[in-house]
Structures are given as C-alpha cells and as structure tokens.
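Since the structure comes first, as structure tokens, the remarks are kept for the end.
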Amino acid sequence: MRLVKQEYVLDGLDCSNCARKIENGVKGIKGINGCAVNFAASTLTVSADGKEEQWVTNKVEKKVKSIDPHVTVRQKHIKKSADDGYRNRMVNMLIRMAAAVILGAAAYLVQSGTIEFFLFLGAYLIIGGDIIIRAVKNIIRGQVFDEHFLMALATIGAFLIQQYPEGVAVMLFYQIGELFQGAAVSRSRKSISALMDIRPDYANLKTKNGIEQVSSEDVQTGDIIVVNPGESIPLDGKVVQGSAMVDTSALTGESVPRKAAEGQDVMSGFINQNGVLHIEVTKGYQESAVSKILDLVQNASSRKARTENFITKFAKYYTPAVVIIAVLLAFVPPLVLSGAALSDWVYRALIFLVISCPCALVVSIPLGFFGGIGAASKAGVLVKGSNYLEALNQVKYAVFDKTGTLTKGSFEVTEIKPAEGFTKDRLLEAAAYAELHSQHPIAESVRKAYGKMLSSDEIESYEEISGHGIFAKVNGTEILAGNKKLMEREQIEDVPDENAGTIVHVAVDQRYAGAIIIADEIKEDAAQAVADLKSLGIKQTAMLTGDSKQTGEAVGKQLGIGEVYAELLPQDKVAQVEALEAKLLPSEKLIFVGDGINDTPVLARADIGVAMGGLGSDAAVEAADIVLMTDQPSKIAEAIRIAKRTRRIVWQNIGFALGVKAIFLILGAFGIATMWEAVFSDVGVTLLAVANAMRVMRLKNK
C-alpha cells in the first residue's frame, strides 16, 4: 500500500495549546495513521496509507479550520510571506487598541453611570470581542479550558462586580501580550529556521545554450552544474573541472575550509570560497545531503522529550484545577467568614483565572528543545528527536566500536611474516586473492600492498565467514585468510601468537602460510573525546572490537578506555551491549558510537545509537538516533554539552514560570495582587521564558 506523507505550514499558529489540539484532531481523522505538529517551526506532518494527496490535504484543511479558524493550512512548497499576515494583524490590533483607549478615557470624563458602563462595554467589545467569540466557539466544540475561556471569564467577571476599568485593562494588556508573544515566537522561529536554512536557492545548470539559473529540484543526475565563488553547492556531486577551497561548516560544524579538486566528491550545502567548480550531479534533490539533514532535523519534533510530554499533561490538568480553586475561592470564604464581601473574593478568584494560563511553559519548552536541536545541527550533530537530546543528559556508559570510530580505518600492511616454505610474495598473493571481493578496509590494504593485477576468473569459489574471515579456491588451491578463530575452526596447525596490530592469518591447502600484520592509526581527537566524556560525568567507557585481545587492549590503554571487549563476532556486539545495559540503573542510559559499516544492529539496540561519518550509510542513518556529520568522536561530548545546556534552560523556564505563578496565586488569594499585576506577570513570564529558551542557540561550544 502506498504511503502518502505530506508536510504543511500552519500560517497564523501562535498558540501552543491550539497546536496540541490540531495534532490530536488530525490524528483522529479516519485514514490518517500519523501526525505531528511542530509548534516551533509551525509545521504539520501527516502520513496516510493508500490515500491521494489531495484527499489528505482536504481533510487536514477542514479539520484545522474547525479547530482554529485563524490558522491557514499551506503546503510547504507554496511560498508565502509570513510578515504580511503578522503586519496586518498588528495594524488591526493597534487601531482597536486606540479606539478602546479613547472610549475608556471618555468613560472617566462622563458623570452618568449608565453612559460610563456603555463606554467601557464598547471599549471591551472592541478590544476583546474576538476573544469572546473564540471562547464561545471552543465551548460549543467541547474545548472549555483554554486561554480564551479564562480571559473571557475573568474579564466578564470583572464587569459583573462593576470593576469596568480593570475588565477593559486586563483584556487590553492580554491582547498586547499576545501581540508581543506572537512577535517573540515568530522571531524565535526565524532564528531557528535561519540557523538550519542551508538549502541553496538555485543551481547554475550547464546547457547547450550556456549557463541557466534553475531550481535545484529541476536538476537531474548526470547534469553538470557550475558553482561560482561565494555560492553554495546546491546538489551532491563529483568535481569534474576546477578546484577551490570549500566551507563545510554548515554541514559539519568545522570552521577550517578544505580543498575540493577534480575527481573529489562534494556535498550540497558546502560553500565555494574561491575558484569555479564544474560538478557532475550524482544525487537528485531529494537524496542530497541538505535535504536529508533538513528532513531529519525538522521531523525531530515528532519524537518529543519526556519534559515536553510532562508539560503537555501538566497544562491539561493545571488549568481546570486552578479554575476549580478560583470558584471555591470566590464562594466558600463569604459563606464561612463573617463580614467577608462576595465581591472582594470574586475579585481574588478572577486573579486566579488570569494567572492560570500555562502559556509560558507550553510555548517556551518546545522552542527550547527545537533550539537545542538547531544548535546541534549547526555543530554537525543531527539529533532525530528532542527525546534523544534529553536522553543524552542521562548517559553514564559510552561504548565505542574501534575500527573507523576511534581509529581511522585506513589500514596499511606494516609487516609480512611468511611461514616456513612460503615467500613473502607468495603469502601476499594468496591473501590478495582471498580478499579480492571483500569491501572491508583490511582487504583493501592487502590488495594495495600486493599491487599487482588480480583476475577474478581464477577464483573458482568464494565464501565470507562472518566474524572469522574468507575461504577461496583459486586455480584448485584452497586459501583461508582471517583471524586466529578461523585457523582454529579449520584445525590449521602451527599458528603462532602475534601481539602487534591487526593480524591476517593465511593458510594454503590446510597448511599455515604465515601472517600479515596490519596497522590502523588512532584518530587525533580520540583520546580527547574519551577524556571529555569523563569530565562530563560519564561513569564508564568501553570499546568493542573483533580484533585480538592484545590489539584491543593496546588501543584501549592508549585512549584511556575503561573496558575492552575483543575478538567479538558481529552478533556478539549486540549481546555485549545488552549485558552492559543490564548494569545500569533505570535512570541511566548507554550510548553506542559506530562508523555505520556493520554496526547497524548495535545502533538500533543501544539506548542511544550514534552513527559517525555523515549520511554515507542509509542503513546506519535509519538505525541511529543521532548522526555525526564528521568522523570526529569528539563531537559526542559536544552533543552532550548542548543537551545539558538545553535541559538547564528548559528547567530554568519551568522553575521561573511556576515560581512566579505560585507567588501571584498566593498574593491574589490574600488580596495583595491586582488583576493588572496578574496579567502583567503572565505576559512578562511568557516573554522572558521565550527569550531565555533562545539562549541555547547563542551559547558557544567549548
């Protein structure tokens, strides 16, 4: 069955509570099996099996309109200026505010109580009529406890106890606050979008008629594009002419440019700093690095952090609870306390209603996490969900694969040790034929060391033995090449113990032929990566390798790794990770870092799987929870630092918002605070929380 996946922009979505309602509403549409609203990015992603795209769009538009008529659904590829809508709303609100202020001022000047009432009522309806209408519509739909209902109830209550000026003023300042909040959220969204907006706008396509500027989506695989100095490379490809220094920071987070010359691969998103590059396109727009990165980051909102889910549930119960307390506060004290005036206690209850809206939390928390994901992507770390970003704070066990992760994986033959009766050339030739069809870096190093032509026609049979090595029959000669386990399995005698490097043992016709010693260089930042993790509170580090125990322990000792598990088959690595996870407390997490070549099962099994080396292996990217765009293990510590900053800022907002609300609830209950102060505190807390949430993007990584 065909899966339809559509992404929409929700123009006018400035209410996080509305975002939650839209997500739940669209999820309830029959035929739609997946939905996620990203409030921070104003996007809605929907998936449906076996449905036409237009059917999905019509259903979504109808449902969104029924939930919030002010939100317009737009397909993502259709461009629209968001500023125009906001500017129109602002002008409209300023006119209404001016009219309300004039009527309110006139009410103070008249002597008649009736005229005063109608002037204040007119001012109230001008400034708050839309809030009343939305509250009534939501009540009809069964959506009672939202900010519109609370403000309508509080201000109408003020009119009922003849506090006309405060009823108008509270609605006026609430609308001003909404305007500022909308501006703050809009600015935050633009900041995050700008941070991640690495998609080139156009491509210079080389045609028979010269160079034509076209959309990147219109370029086909095999086309030649021209990238001038200062331009961004629009599509993945291979340089066929020219050379230049390219800035890769948008993808990798690395500030040092690297050279791109003829024959080298380049990725979309790289910026040409000098020279002119002619590039043959190797991947279409949807398969390019930039598209994959943006897709990963923007879809991260569908995997919400536990804190986000907690705040959503908290808001669901917090608002009704405060309303119930407000009702009790209004009517119980006058019944049990002698001399207590009903109007005084109703006024105090109205303060409860004003302060009960949890906007500061439900707006700033998603922005904080999305900002953290954006900051991580700018540093070359792609986090697939805010749940994984939050989980990085709980990591206590860091487990690394060795080859290609902590070492460069660029093997070189350093020594050839033939057994008695064999020459170095004969030993190397036998190993090269055995490794002819293998794609493993060790096999490539053996073939490179042999350096002569190899004919696959001479190979009569070939078998890769997982975790052991290779069996090949060449011109009637049986060759075994692999580790010591392979020699033991095939009962090869006289196999010596070798301690240095990675060893390929070779046997010819069941007779031991010798050993080839291969060295793998440790990455420059590997030791620092392990040290940084320990400084961040990681309790234990471990390394998994299929190499010999001596080789593994030598690398582990050099890097300061606590535990080394060697001579592991691919399936043994999964079992070992499970055994390590069993040692952890329920609140602790294990992170596994692999290079993505053969680590897919372990990446999928670990609490947090991290694939290194960018988007090269689709299977690894699919299985991993976090993708590093470079081959630097030190990026792990950087990701954890960003995660810790994000958590710190999110909990600052939670503590600040709840603290201020608690103070004003107490002050309101004792009759110390006024409705004016309550609405100022509510608006102020929200604006400060949004501003604080964006700090995560401005903090420099150390």
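Placement of Cβ uses the backbone N, Cα and C atoms for every residue, glycine included.
Going by the topological domain names that Swiss-Prot assigns, ASN138 and ALA673 belong to different sides of the membrane.
Cα of ASP599 (Mg(2+) binding site) to Cα of CYS18 (Co(2+) binding site): a distance of 42 Å.
Over all protein chains present, the Cβ of ASP599 (Mg(2+) binding site) has 30 other Cβ atoms lying within 10 Å. Ranked by the number of CB pairs under 8 Å to the transmembrane segment (167-186), the listed stretches 117-136, 321-339, 346-363, 679-694 are led by 679-694. Sequence-distant contacts of the transmembrane segment (346-363) (same chain, six or more residues past either end, CB-CB distance under 8 Å): 16-17, 20, 39, 147, 150-151, 153-154, 157-158, 160-161, 163, 170, 181, 185, 311-312, 314-315, 318-319, 322-323, 325-327, 329-330, 653-654, 656-658, 661, 664-665, 668-671, 673-675, 678-679, 681-682, 685-686, 688-690. Within its own chain, the transmembrane segment (649-670) is flanked in space by residues 307, 311, 322, 329, 348, 351-352, 355-356, 358, 360-361, 364-365, 368-369, 677-678, 681-682, 685-686, 688-689, 692-693, 695-696, which lie at least six positions past its ends and keep a Cβ under 8 Å from the stretch. Packing around CYS18 (Co(2+) binding site) is summarised by its Cβ count: 25 other Cβ atoms lie within 10 angstroms of its Cβ, all protein chains included. Here the topological domain 'Extracellular' (340-345) has long-range neighbours at 161-162, 329-331, 333-334, 671, meaning same-chain residues at least 6 beyond its ends whose C-beta is under 8 angstroms from one of its own. Geometry remark: ASP401 (active site, 4-aspartylphosphate intermediate) versus CYS18 (Co(2+) binding site), CA distance 45 Å. Non-local neighbourhood of ASP595 (Mg(2+) binding site): ASP401, THR403, GLY404, THR405, GLY409, ALA611, MET612, GLY613, ALA620, ASP631, each in the same chain, at least six residues away, with C-beta under 8 Å from its C-beta.
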